[in-house]
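Notes for the one structure printed next.
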Amino acid sequence: MTLRIFDSASRQLRDFVPLREGRASVYLCGATVQSAPHIGHLRSGVAFDILRNWLTYMGLDVAFIRNVTDIDDKILNKAAEHNRPWWEWAATYEREFQWAYDQLGVTPPSLEPHATGHVPEMIEYMQRIIDAGHGYAVDGNVYLSPMSLPDYGSLSGQKLDEMDQGESAGTGKRDPRDFTLWKAAKPGEPSWDTPWGRGRPGWHLECTTMATKYLGAEFDIHAGGLDLKFPHHENEIAQAHAAGDGFARYWMHNGWVTMAGEKMSKSLGNVLSVPNLLQIVRPVELRYYLGSAHYRSMLEFSEDALREAAAGYRRLEKFVHAASSVAGKNDRTLGRSEVTDAFTDAMNDDIGVPAALAEVHKVVRSSNSRLDAARRGDSDAVESVVSAGEQVRAMLGVLGVDPLDEKWQEIAAESGAEHDALDTLVRAELDIRAKARAEKDWATADAVRDRLAAAGIVVTDTPSGAEWELSEQ
């Protein structure tokens, strides 16, 4: 089955055929580093990291660009409100975004260009638009006229006579529907020299310029949040077409994280930060939660849903560790094999993570029944459990949540001292229990087990001794 993705521009599922054989090119609108990231921002990073992983698994060499918008009205306004240099403000929150991406195991992009590093290219791009008759300069501002482009509005379905660019009328606009490519300099704001006077770039121009610089005039996929479809992505297309570039061949948009049915946003005061949520669940569990819904669907946040997802992940993790233990006791290493056919079909159906996860859980459920026999050394059971474990690792690897992946081991190591301390205490209790069992002191053995259960610790007896884990409740 060929990968099919829902193209927002054509509003239909389309077979994904890369522009260049064996390669895939993806541009993701990254962060505007105006304030701390919340999980609404991070959902996009996780969703399209999974896309990237699947393209890579399919054997494609993926060029993945995720930009940083480090000059913007909101950045300037917030920096001014707090009496801080704009560049320092942007750098501070860029570091916070990077930390959050790292915590959630998001693979770094192939390149992460910054808007402020591409002003010469933006000036050149504007000149092409003006030369083609689609743009004009007035009093240091540069505008683009959507009315000059017959396909304007095709992505978002916006009607020209009803659209609102969400910006002020501007000095010298010929039509209120025209949008800004370049903003004339204002006192106290950063600015750069151009043939039309000093100023700074508009948001839309930044992305079109960087996407085409690194991926070419035409590339495969442009991705981003649903809220960016208009005006941002519509205007990116307009700029590219005005300059004569074909631009993105497929458009993918992820749904919002919502609370009480409303989009998570700072303006509504319903923001959940990554550090706060990591007080409730581990980073890998938060990633699992954010990636578990279909990328195009809305994800309604609740703490109960987050905890439920974390419990679901722990069931998968428990099996992988058990399979790894079985492999180790039989002088084998639990690697990664191939994903199942059902998993492949799910992922090829518009990156259908819910169906893909259902397949992972199915494999785990069917294999758990053979764990006891495998622990006893039954050769058929060992082979079955290890084979299933390697399949599960492969599938979870595509989703970015393989429990044995080094990145999760490194992140877990940050809090490893706490786990080691707990393990020492639990092992002391288990030693008491083991001694009592050897002496047939069942009352003491049961009392130890009950104490541990009351503390949320589940004990499992295996041929090689007792093992413990935290309860899923």
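Numbering starts at 1 and runs along the chain as displayed.
Glycine residues also receive a Cβ, built from the backbone N, Cα and C atoms like all the rest.
Note that this is a predicted model, so its numbers are computed, not measured.
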Range among 31-41, 152-162, 196-206 that Swiss-Prot annotates as motif ''HIGH' region': 31-41
Looking at 163-167, 188-192, 263-267, I want to know which stretch Swiss-Prot calls motif ''KMSKS' region'. 263-267
Work out the three-state DSSP category of C29 (Zn(2+) binding site). coil
Centre the Cβ atoms of C29, C207, H232, E236, go out 8 Å, and tell me which other residues of that chain have a Cβ in range of the Zn(2+) site. W203, H204, E206, T208, A211, H222, G224, L228, H233, N235
Taking the Cβ of E236 (Zn(2+) binding site) as centre, how many other Cβ atoms lie within 10 Å? 28
Please identify, from the binding-site residues C29, C207, the residue with the sparsest Cβ neighbourhood, meaning fewest other Cβ atoms within 10 angstroms. C29
Sequence-ordered list of residues in the chain of H232 (Zn(2+) binding site) that lie 6 or more positions away and have a Cβ within less than 8 Å of its Cβ, or none, is C29, W203, H204, C207, G224
Averaged across the motif ''KMSKS' region' (263-267), what pLDDT does the model get? Just tell me the whole number, please. 75
